[in-house]
Structures are given as structure tokens and as C-alpha cells.
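Reading through the C-alpha cells given below for one structure.
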């Protein structure tokens, strides 16, 4: 019955024009990340000093930068590290947060108390400032930025997974399995994780947009991707000196970042409404 209900709700969740537009934008960004070498004739790092800071034109649809490099090419190539960084951040948070949060909800007691106190402490800190300090300590690179942001995202996933696990640990089928001698790991794998994943999946979709913004922010200030690598945040950072006279240098990459992050958020809304039709009815 549940499968039939989900199948019936999926078209409705995707029917909204904004949701369709968001799905198209996310698909295009992912396609650019995978197929950038086949989508442009230019090399992202090849300089052309005869075409420095040229506005958008037929030959350079998004203009050029201060070294004459084609900006559209760098945006296409920059999709790869930008999207990969977001998935890396989310992946770290999901794996460790899901494991710790589910265990915390199932075991309760002193373990749950310790986990929640640590979670409260970390979440009380200004995340981006702490990520900046961690990345600076580890050394400026996109990999270190992903590690720092991923670790700081774990507590949010712990809260989501723990809340779901607490609700599930008193369900009849979990109590029955426990009374038959099922261990904690079996309960997690067979009964709790499959029911926790929908809520975590919604949070993942929302977090992808925030992760793109956060990793781009660190690259913007020089702690993420390093020159000459193409990455959206570092492109804006390099173009901030030219923003007054050469609008395209910052505006176009910035628009791409905003549209991508907003699209993930819209998809998160649609996924939440699909998995919980009650919320969709309340918001109508």
C-alpha cells in the first residue's frame, strides 16, 4: 500500500513549475560537472592576453577574466569541484551523523546524554568561523575545507537521526525484535535505518545547497580551491577587484552559485512534501 501511495504522490510533488525548473538546473549543473571538456572548446587555464576582461560576446558568452580566460569554460569546469565538495561535505555528515545519531536514540542513557551535550556545544559555535579556523590550521585547500565543513555538519545529522530513532525504538516491531534477542546492530540495520533514511534524505537535499555556499565562501577568501583551479567561489574571489567596471566577472559565477543552492532547496521542499503529504496539505 505504501508503494502505491508514493507512486501516486511523486507526479504531484514534481508538478510545481519551480520544482521542475530546480530539477532542470540541478541536472544541468551535474551534466556540466561530468561533461565540461566536451561542452566548450577552451581550456579553463589557457591565458589569452589579447582578450583580457572582455564582456560577454559571441566568442565568449560569459566574458573573460583578467588573464583572458573564458569565464563560461571556467564555470563549467568549476562545477566539478564545487559539486564534488558539496557531496563530500554532505557525505561526511550523513555517514557519521547517521551512525552516531541512530546509536544515541537506540541506546539512550549515558551515551545519549554525552552525545547530545557534545552536539549542543558544537552547534552553539559559529560554524563558518570554526571551519575557517580549522581549514587555516590544516592548510588552504578544497580537500581540507571539505573535511572541516563535513565534520562541523555531523551534529545536525545526529539530531535528525536521533529524533527519528527515539520515535522508532518504542514501536512494536522494534520491541518485538528486542524481546527475541536482537542486538543493537541488527535493530539498526533491519528496523531503524530504513525508516530513518527518508528524513535524512530530505535534510541531505537541503544541506547540499548550504554546502555549496559554505565551500564557495571558503574558496572566496582563499582557504578552499587554489589558483589556477577553476572553482566558483575562487572565481568570485579573484573577480572582486574588478566588480565595478566588469560586472560579468562576479555576477555570472555568483548567479550560478545562488541558482544551484536555491534549486537544491526547492528540491528538498518537494521531497519533503512527497514523503509527508500532510505537510503539503498544511502549506496549501
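Each Cβ is built from the backbone N, Cα and C atoms, and glycine gets one as well.
Remember, it's a predicted structure, so these values are computed and weren't measured experimentally.
Taking Cβ pairs closer than 8 Å, the transmembrane segment (83-111) reaches residues 29-30, 33, 142, 145-147, 149-151, 153-166, 168-169, 184, 187-188, 192-193, 196, 200, 204, 207-208, 211-212, 214-215, 224 in its own chain, all 6 or more past its ends. The transmembrane segment feature in TrEMBL is assigned to 83-111 (among others).
Annotated domain 'ABC transmembrane type-1' per TrEMBL: 83-268, in sequence order.
The transmembrane segment feature in TrEMBL is assigned to 118-136 (among others).
Sequence-distant contacts of the transmembrane segment (142-161) (same chain, at least 6 residues past either end, Cβ-Cβ under 8 Å): 81, 85, 88-94, 96-98, 100-102, 104-105, 115, 118-119, 122-123, 125, 127, 130-131, 134-135, 196, 199-200, 203, 207, 211, 214-215, 218-219, 223-226, 229, 231. Annotated transmembrane segment per TrEMBL: 142-161 (among others), in sequence order.
According to TrEMBL, the transmembrane segment annotation covers 196-226 (among others).
For 246-268 (among others), the entry in TrEMBL reads transmembrane segment. Outside the transmembrane segment (246-268), and at least 6 residues removed from its termini, the chain residues within Cβ reach (under 8 Å) are 18-19, 21-23, 25-26, 29, 53, 55-56, 62-63, 65-66, 71, 75, 78, 82, 202-203, 205-206, 208-210, 212-213, 216, 232-233, 235-236, 238-240.
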